[in-house]
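Chemist: Attaching a single structure in structure tokens format; questions to follow.
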Amino acid sequence: MTSTLRTALLGTAFGLLMAAAGPLLGPLAGPAAAATIKVGVVAPFSGPFALVGKTFKEAIEVYQAQHGDKVGDDTVVFIYKDLDQANPAQSKALSQELIVKEKVGYLAGYYFTPDALAVAPLIDEANIPCVIFNAATSAITEKSPRYVRTSFTLWQNTVPLAEHMAKQGIRKVVSAVSDYGPGIDGETAFKTTFEKNGGTVVDTIRMPLKSTDFAPFMQRIRDSGAEAIYAFLPAGPTTLAFAKAFADNGLKDAGIKFFGPGDLTQEPDLPTLGDAALGITTSFNYSRAHDSALNKTFLAKHKEMFGSTDSVTFSSVGAYDGVHVIYQMIKNTGGKSDGAKAVDSVKGMSWESPRGPLTIDPQSRHVTQTIYLRTVEKVDGKLENVEKVAFEKQPDYGYKVGK
Amino acid sequence: MTMAGRTASRTGVAGAHPPPAARRDLGWIGIPLVAVAGLAAFWLLPDDLALLTRIAASALFVLSLDLVLGYGGIATLGQAAMYGTGAYAAGIAAVNWISDPFALLAVGGLAGGLIALVTGALILHAHGLTLLMLTIAVGQIVQEIANKARDWTGGSDGLSGIDPAPVLGLFRFDLYGRTAFLFALAVLVVALMVARRIVRSPFGLACRGVKEDPLRVSALGGSPKSYLVALYAVAGVFAGVAGALTAVTSGIVGLDSAGFPWSAEALVMLVLGGTGRLYGAVIGTAVFMGIHHILASSDPFHWMGFIGLFLIGIVLFLPGGIASGAGRLSALLSALARPGRDGGRA
Amino acid sequence: METMFGIAVDGVAYGMILFIISVGLSVTLGLMRVVNLAHGAFAMVGGYIASYAAQGAGLPYAAALPVAVVLTVLATLPLERLLYRRIYGSANELAQVLLTIGLTFVIVAGINYLFGPTLKRIPLPELLTGTVQIGSKAIPAHRAFVIVAGGLTLLALWWLLERTDFGIRLRAAVDDPAMAAALGIRTERLYLATFALGSGLAALGGVLGAELLPLEPYYAIRYIVLFLAVVAVGGAGSIFGSAAAALALGIVDTAGKYLIPSFGEFFFYAALILILFRWPYGFFKGRTA
């Protein structure tokens, strides 16, 4: 009898839970109103990279709060689609749905390279512009003339860094990258540039993407006798483990210098990295600590709307500036949907962003921007990427270099 | 209620079989029903064809898992190895040599069948957790090979540029996905018919015999392992075709198609729908992906929690899967109508 | 030589973490025959509690560790009574997989809801930061601590199972549940106690291993394959089997990464296939078989 009771109780509890979860889901997006221009954003909103989706969404909302949600008479509405991990087939299906069902005039977002690459045939067939907020492999914009990118590429960040390292008199370096597209882009960019400037890359290590224990790689770096390392891993859990392993295995104390693109020390990870991050030198297109009036207004508005700026990082400005480009496209085309024309209209466009001056290169449709050399330091007891040197007007060196 | 709960916890998979007569009836209705439901969805949801196409192709993949698990009793978490191999084989063929969609499906099926035959012969001596781990390991190795063979597969960037020719030279794969969906639906329906023939053939019955009592099969002079390997290879063909179907309809193949999560997801969808009844695979896939889609498009943050609760609920209250729900309901009603008896099950 | 030593130390430390987490899974699988895919989630819950206790409530590491273990056990015990009890036994494999995956999803969503998707860490005390010199190799103090803790766990488990009344009853129930029940051993309570032991070990490993297996909501899904591999190789229900398997896999993985970094994954899974081919029931033939 007790078992009947228990089954019944469990059933009730379960039913209640389902009922409680129902309202959380909220209503679906309503039908299109007149003079509404829809922008579909595909990004991870759940899963290990959920933070990226959050930064995109927050940046978009900040931009709309600052500049209004209207361009001329048209209201701009953003529709979000969750793509929790790199899954090109799913990315294509979601984008297709956005175009066919939601009738979006613009596609945006895309954190992972494969997800961005997957939509090339779609945007060409539907003649829709696609503004990439992050995906950083150089080859993407070669695949369709309707891609515009407001983030960065591995080449763009790595070339000035490698030149800087060579100028500092560093001669022997190990490159350690995650074994996937962008990692290999970074390795190639580094090796090419650094060796051209007279340095030697003594070992190139490609680490499996899923590694969490980095001690063996540290041993290998140590045994190679390098003075410094160039490291790239995708932002997230692995980066933390890598930076910690670097400090814990005594490489930091042994005086080996740590360089890499700024993904390694993205702002939301800094508190978790703790003191292990101190002294890591990275090159990147944005630091939350960037000293400019525009950045301060951006951060202030963000804080006002979301209570804190802890999550603000490179993907925030990627989205923020991406929205700016979309607004310009809408303005230039008078709200008519013509992807090719919209993209043409922003080629060569320059503007001032929270990260500094930006120009859309007419050839690569990628932003030419200032790359900053930063070192992790404590500012008012909080870890920040403090900018040391600025390399102005850096284009995407990887465009049409081939693999 | 008590009885239902208890039978449920006792039987799990094996007890989900309805009596033979009911199976035959439902089996006949099942396939035309899938076709009709698919066509109805085509008319009713013209804007959701991309999703429906993915559901059809995934259902075929889950069906292949049902052949292995529901009819051979092989617990696997590596079915995506075959799916991924099929998808990559078809994708590579499409990029380099052929573009006819049917030929691509054949390539995928062949590749999936071959890899299943080879790995099946290697690992099917094991049981339980060991077998589970071996299937996972095979899947990981296939994925790693795809990652390493970057020149052929595009590595982590995915294999893009798959542009299949029009179906029968007439119907182009359009932006709205009409051709893609009808093509996928047709393949699924044909596959269901073939699968039904297979499980009802002497070979299929022998496999079920192995599942239920391997000792007896070997006592009768059959080799349980060779039956299982053959079944594994046949299911590999289905999985390979499913992979190729996804490659053809979506035009892209990613590393995730051979990944562990995809195998696990397929298992969840299958058990959700009910094992050992073929159309359970279709129901499970449609429900799982449908819910995922609705939840993810409104509030993605809660989808995992919701599907988790859903799964727990299925195990506790509907252990045979959704497909068994109707049968159980009628059994429960007749038990209530005749109190004191428990549906003649004893 | 120095390199070999380095690989050995790193491999052993990694293996010990795998051991502490996986042995709990092995014990519950051996006794209750339940494939608990939510085991990784329990480890994660332990880690998050310790992280919150240390960072939110300001407890020192030495206090946060036991608090996390005890709270995890208390949080998971109701699950045993409500959910797991229904699916014990090897006939329910599929139901087990489905139910525990469902539970894992719920826990992942819950952790994501409560703590957000970012990484959480458990601040280490002064004593455990920095490096320790062993011979010519400098190893992180934390790793040395993990190796010692793993060794102690192994000893304690051995003592518990071989030398106490609880252990005798547990082994009897594993070997022959019906006979054990007939002899008056209350299997229900035994199951509850074993389940508590399993989730306690998971939590312990989750806390100790937070530096190697970083805490984030997907932890529960990301590492469960690793833990299952250890159990499969070691043989379900065998403590020394788990230890041997965890160390072997830890060392193979470390050596593979050092020698051929870009084929690290290959190494691990190829080794897994070879071992399971040679010893289909694990190093120490599992008690379930």
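For all residues, glycine too, the Cβ spot is worked out from N, Cα and C.
Annotations in TrEMBL come from automatic prediction, not curation.
In case it's useful when we look at the structure, here is the feature table from TrEMBL:
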- C:12-31: transmembrane segment (TRANSMEM)
- C:37-54: transmembrane segment (TRANSMEM)
- C:61-79: transmembrane segment (TRANSMEM)
- C:94-115: transmembrane segment (TRANSMEM)
- C:144-161: transmembrane segment (TRANSMEM)
- C:190-213: transmembrane segment (TRANSMEM)
- C:225-252: transmembrane segment (TRANSMEM)
- C:258-277: transmembrane segment (TRANSMEM)
Chemist: Which sequence positions outside the transmembrane segment (C:94-115), separated from its termini by at least 6 residues, show Cβ-Cβ distances below 8 Å to it?
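Modeler: Same-chain residues near the transmembrane segment (C:94-115) but 6 or more away: 34-38, 40-41, 44-45, 48, 52, 79, 83, 87, 217-218, 220-221, 224.
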Chemist: State the residues, same chain only, that lie 6 or more residues beyond the ends of the transmembrane segment (C:190-213) and have a CB under 8 A from a CB inside it; answer 'none' if no residue qualifies.
Modeler: 13-14, 17, 19-25, 27-28, 31-32, 36, 39-40, 42-47, 49-51, 64-65, 68-70, 72-73, 76-77, 80-81, 84-85, 88, 121-122, 124, 142, 145-146, 149, 153, 166, 169-170, 173, 219, 222-223
Chemist: So, taking each listed stretch (C:12-31, C:37-54, C:144-161, C:258-277) in turn and counting its Cβ pairs to the transmembrane segment (C:225-252) that are under 8 angstroms, which one gives the highest count?
Modeler: C:12-31
Chemist: Using a Cβ distance cut-off of under 8 Å, indicate which of C:37-54, C:144-161, C:258-277 has the most pairs with the transmembrane segment (C:12-31).
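Modeler: By Cβ pairs under 8 Å, C:144-161 leads among C:37-54, C:144-161, C:258-277.
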Chemist: Same chain only, please: residues at least 6 beyond the ends of the transmembrane segment (C:144-161) with a C-beta under 8 Å from a C-beta of the stretch. Say none if there are none.
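Modeler: 9, 12-13, 15-17, 19-20, 23, 128, 132, 134, 167, 170-171, 201, 204, 208-209, 212, 239-240, 243.
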